[in-house]
Amino acid sequence: MVSLTIDGKDITVAKETTILDAAALLGITIPTLCWLKKVSPTGACRVCAVEIEGVDRPMTACNTPVKDGIKVTTQSEKLSRIRQKIMELMLVNHPLDCPVCDAGGECDLQNACYGLGAAKQEYGAVLERRKIRYDWPLIESDPNRCILCEKCVKVDHEIVGCNAIRVVNRGEATIIDTVDGNPLNCEFCGNCVAACPTGTLISKPFKFRGRPWAFTTTPSVCPFCATGCQIEYHSRNGRVERVTSDDSTYNSGNLCINGRFGYSYINSPDRLAEPMVKGQKADWNTAMGTAATALKQIVASHGADAVAGFGSPRVTNEDNYLFQKLMRSAIGTGNIDSEARLGFAATQKVLREMLGIAGASTTIDAIDRATAVLVVGCDLNAEATGMEYRVIKAATKNNAKLVLAAMRDIKLKKFANSHLKYRPGNETLLINALTKAVLEEGLENKEFCSANISNLSDLTAALAGVSIADAAAATGVTEADLRAAARLVGGKKGVAVIFGAELMRGGNTDAVKALINLALILGATAGDTGGLFPVYEKTNIRGLLDMGVAPDHFPGHQTDGTTFEKAWGKKLPAAAGKDLWQIIEGIEQGSVKALYLLGCDPVASFPEGERIRKALEKLELLIVQDPFPGEAAKMAHVVFPSSVAAEKNGTFTTIDGRVQPLAKAVAPSGDAREDWDILTELYNRLTGESRIHSPAAVLDEVAALVPAYASVGRTGGTITAQPRSGGLALAPVSARAVAGSPTTLLVGTILYHSGTTTTWSKNNLEIIPKGYIEIHPNDAAKLGIAEGGKVRLSAGSVKVEGTAKITPRVQPGLLFAPSHFRGMNVNALLSRDGGVVPVTVEKA
């Protein structure tokens, strides 16, 4: 610790502390321009100059560490003159085009000039106009306005890890530009725009939309991935025109392309604006009446079991709660499910059985403090970018060892100490081999295992027959790499284990169990550094299941419906309902006559899409409640146009149990209505009971019936349960090598889109407008396929065509295609068994 005096006030701080940070602890504000708390200091602007007794020149407070016994002065006439001159010199080369600059009203340079009293200009220069970069997608760069603070470069390199821009040239010719001088080719997260203190970097979609004070700012939650970033909608005249995030938020103001630019789906001209009945526009009374009458008739003729419904991770907790209440209480059916059946529901069941948790073992900020990170079967860049930022922070700021296990090269590889690029279908074998390597080398967390695990010997015995060398060869890695990976993650305190779609898709839980075994022997669930983190692409997947949108449990994962029967005053279905695939089979067999789709499009988004399409054609009643005219909506008998996240109040629950409120920024598009409002009216028409009048009232009902949500108020809260300790039972699983097929297709997410939602966003489509198929150069050469050429994939009777993208990111024999695009619809090639499928590939 170091003791010093600042402006006559004594303070003791850690020796690595800067003068700027020490002053802040005393409540003393030192002006800055180039300093940004979340990145390393640059010391470029020198506005933070301070005097230190005994030092013959002013020092920059942002990057000068404290020393014992020094006396610092932050405010004096001398410092005021210095700071004013610094500002005047900056303005010599600044165009002063404030009237037409998009940063006007929120420009740090303007504010600094005003705050420091820089009201005159004694200097002059002949300005050489520099070329404005209009050729970048989504972002415009005007180097004439740049003050060379380098905040954009620091954010790009240190937080995003993209390394797309840099400082180029020297002296008066210095500018910030792309690394190769070509148009910007990056992740288009816009974090550089947010960091820019002037109008050098601006959002092209927001350009000339208005001055910042003309917009209403509404704090909310990002509606895309399960990271749950906090955002602000900026709206005017009923339109959301911008999304930002403050650095004081849980996500430190960092967003991805979807969070910052994906908002344009809200304003899509393709939005459903009016109810429809049998393909014709109708008013709400007609649509509601048609749906209610048809549901009553089907229940009367065929029983309540003839009705089913799919909920959605895109809608709020309140919406999902009301949906399952409508199905169970008003209709009398337990046939309720969602896309969680495609993997996350089975994973959650294992987490609950083995650890007593419904999601992550702790909040995701614990990743920042991890000493080792293991990422398995997950492209964090695409599935949860906000979590990827935290892994990068752990690796670069905390020197955490990073091990990846993924079928493809992913962005995190540049930060990784080890990358186990395994063959498709061999996840469980790979994890078992890694676990055995940890145990063989004695790198398990012995203290945690001794205190908490009851059957470590069972796991050791189960792995006795596993040859690490044979497993390595079968999975496509080397024994040396496997053992090196074990040493990187083993023997550490504070291990974070993260896993995603490659492990969860299809609901085969062996790989998940194997990974939890590994996480436990590493002690990953102990303490507040590291943890166990399942990852899902869509924001409210955990809340969806917490609210009881599942055939086998009520809200709060309760299997006894007595509490809900008393609260709702209805006899509820005694047996578990049909799950997703049983519902589809029921439609095919004719026992399920009606299907209600809330915020989902199974034809475009689920595996076996063509089979599902044919099944939906057999229904007597298909109700679709959605903001967009997807494939299922085109087939619907009744369409209810609904709201998106920016048009409603409610809550989302993140994968790590943060229940966060979202606030209504604008009214629903056209004649669309909020989901909860639609559901409560239909409930009223079916039962005659009075309507619930607000999402807040729904949350109150949830809090009264679901113990985990009892402490969650209308402003949110955290429901993360601590994993069980003591008596934990490992779940040994066996695995054999999977030879695979000559060509395997992996279907997954990409950074630039989220589900099908962002395919309605013109901003996202500007970057990636259509689907494609990644193919290894060797495979492309064998088939005579050129970059950009047409490729045809076949699985059974289903055929899909797409554009070839030749890349060594995929291994030979493996193809990758993004799941988002309805026109290409590679999901139709998949079966219910997972996200990979053997395919035949040919030049189209």
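Don't overthink the numbers, they just go from 1 along the chain as shown.
Glycine is treated like the rest: Cβ placed from N, Cα and C.
Of the listed candidates (Cys196, Cys256), Swiss-Prot assigns Cys256 to the same [4Fe-4S] cluster 4 site as Cys222, Cys225, Cys229. Annotated pair Cys152 ([4Fe-4S] cluster 2 binding site) and Cys196 ([4Fe-4S] cluster 3 binding site), C-alpha to C-alpha distance, rounded: 6 Å. Listed binding-site residues near Cys256 ([4Fe-4S] cluster 4 binding site): Cys189 (candidates His94, Cys98, Cys189, Cys192; Cα-Cα distance within 10 Å). Remark: of the binding-site residues Cys48, Cys186, Cys192, the most isolated position is Cys186 (fewest other Cβ atoms within 10 Å of its Cβ). Cys189 ([4Fe-4S] cluster 3 binding site) is 13 Å away from Cys229 ([4Fe-4S] cluster 4 binding site) when you measure Cα to Cα. Distance from the CA of Cys98 ([4Fe-4S] cluster 1 binding site) to the CA of Cys192 ([4Fe-4S] cluster 3 binding site) is 20 Å. In the three-state DSSP scheme, Cys98 ([4Fe-4S] cluster 1 binding site) is classed as helix. For Cys101 ([4Fe-4S] cluster 1 binding site), the Cβ neighbour count at a 10 Å cut-off comes to 19, with all displayed protein chains included. Under 8 Å, Cβ to Cβ, and six or more positions away along its own chain, Cys45 ([2Fe-2S] cluster binding site) finds Thr32, Leu33, Cys34, Ile86, Met90, Ile147, Cys149. Other than Cys146, Cys149, Cys152, the residues of this chain whose Cβ falls within 8 Å of the Cβ centroid of the [4Fe-4S] cluster 2 site are, in sequence order, Ile147, Leu148, Glu150, Lys151, Val153, Ile176, Ala195, Cys196, Pro197, Thr198, Thr200, Leu201.
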